[in-house]
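**Q** A single structure is presented below for examination.
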Amino acid sequence: MGKVAAAIKVMPQDPEIDLDQLQERLEQNLPEGAKINGFDRDEVAFGLTALIPTVIVPDEAGGTEAVEEAFQGVEGVESVSVEDVGRL
Amino acid sequence: MSEDKPHQNLAVIGHVDHGKSTLVGRLLYETENVPEHVIEQHKEEAEEKGKGGFEFAYVMDNLAEERERGVTIDIAHQEFDTDEYYFTIVDCPGHRDFVKNMITGASQADNAVLVVAADDGVQPQTQEHVFLARTLGIDEMIIAVNKMDLVDYEEGRYEQTKDEVEDLLNQVRFDTDSVKYIPVSAFEGDNVASESENTPWYDGEILLEALNNLPEPSPPTDADLRLPIQDVYTISGIGTVPVGRVETGVLNTGDNVSFQPSDVSGEVKTIEMHHEEVPKAEPGDNVGFNVRGIGKDDIRRGDVCGPADDPPSVAETFQAQVVVMQHPSVITAGYTPVFHAHTAQVACTIESIDKKIDPASGETAEEDPDFIQSGDAAVVTVRPQKPLSIEPSSEIPELGSFAIRDMGQTIAAGKVLSVNER
């Protein structure tokens, strides 16, 4: 099986959250076997900005679940959702 | 790529060994979308090893390595164009656990190419992918009967494969009139970009023609507004701000909107997108908005925002067609896994298994079966354990499909046939 790229949208708990620090915390909490290639930022509304890391995971059991769960537990994260997936 | 042609998301689906990657590689190559240096590199390596020929799967491997070095999600999407369209290939992951993401994700495929190998015919994964394509709201499907070179371009083998696929499409009630079948060899290039001399018995469209002639996808702006809520914020100076992506219809400032199942309503004061105020939001737009008179605790993630005079449906029960993808034992009435639909995650009980469908004929195989298991398609009646807003797939497909998860796995996917409203 190959690898899958997933764009995972991470919403901060409020507009005041430091996104650079949040980005670091997400990197530190990445589960084994997953890799972050880069971050996009999506300005949403009323000062809220989403971080959208592109995460590479193996195309196997569990999918993006482990990454979603890990990100959900990171301080300052309101919600985590997978926007897009595709095979590499 | 410039913006002068309409854009289509194209899913390439089919059984794991039927040549999806090779076909994608061939399409990119024939439309001159494989970077020159990748081809050169491959030719050099092939010559060193004394191998001739041009193996697209190998080129695709090289492309994969190259793409993995890229930074954002664009690396996972390959693009090519025809006279009419720009296509982005949505290359669906093989593992079933990604199905949830395909159902709840943002970039859904408009149309699909189903790859079926002439030397292998319809396989369980072919069946699963066709069902998923239907569930994901794909309208048009082109069937590439691939690996014709391996069956000596025999018309009989092509017809046989075509018949098998037709049975399968009938089963999921795909409108087979508009489906096109094309005998191809992705490996040799037959009937992809030019008519093949090896299939004189075939006089239909070749693959790139068929892609070029697909109908233009229309954004669902005509439908009623449906905006599933992803998060709810309190922003100082503004008040309560729900955030989400418009699935169907249009959200305008001044609209009177209703949130279901929380069952509150109010007037839209302001809408922001990309931190700028906008008068309206359309399908695909990610927005935050502010509604007069609604507090942070009045609404929650999983609510669906719609017009107040025709609010989103809330299901007491609903009937759905499901396909069981993986389950260690059997599913019986009373089973209560978690349903993932739009932004909602709600435990739902499968109240009854109404009928099982025979994959070969598409007809009812058994009324009221005692159980269903992996590989089965069935019609079931479902009772959400908490209020859930969901719509019949025939009316609003964007809000009518779901994935079923249990034990850390995606065990089934389905689409809503009818909703018995609360």
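For all residues, glycine too, the Cβ spot is worked out from N, Cα and C.
Among the features that TrEMBL reports, GTP binding site is placed at B:14-21, B:91-95, B:146-149. Positions annotated as Mg(2+) binding site by TrEMBL: B:SER21. For B:5-220, the entry in TrEMBL reads domain 'Tr-type G'.
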**Q** Taking DSSP as the reference, which of helix, strand or coil describes B:SER21 (Mg(2+) binding site)?
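**A** B:SER21 (Mg(2+) binding site) sits in a helix per DSSP.
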**Q** At the level of the C-alpha atoms, what whole-angstrom distance separates the residue listed as 'Mg(2+) binding site' and B:GLY14 (GTP binding site)?
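**A** That comes out at 10 Å between the alpha carbons.
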**Q** Measure from each Cβ of the binding-site residues B:GLY14, B:ASP17, B:CYS92, B:HIS95, B:MET148 to the Cβ atoms of chain A, and list in sequence order the residues where some distance is under 8 Å, or 'none'.
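**A** Contact set vs A: B:CYS92, B:HIS95.
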**Q** Under a three-state reading of DSSP, tell me whether B:MET148 (GTP binding site) is helix, strand or coil.
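**A** In the DSSP reduction, B:MET148 (GTP binding site) maps to helix.
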**Q** Output the one of B:LYS20, B:HIS95 that, of all these binding-site residues, has the highest number of other Cβ atoms within 10 Å of its Cβ.
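**A** Its Cβ has the most other Cβ atoms within 10 Å: B:LYS20.
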**Q** Have a look around B:SER21 (Mg(2+) binding site) and count the other CB atoms within 10 A of its CB, chains all included.
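**A** That number is 22.
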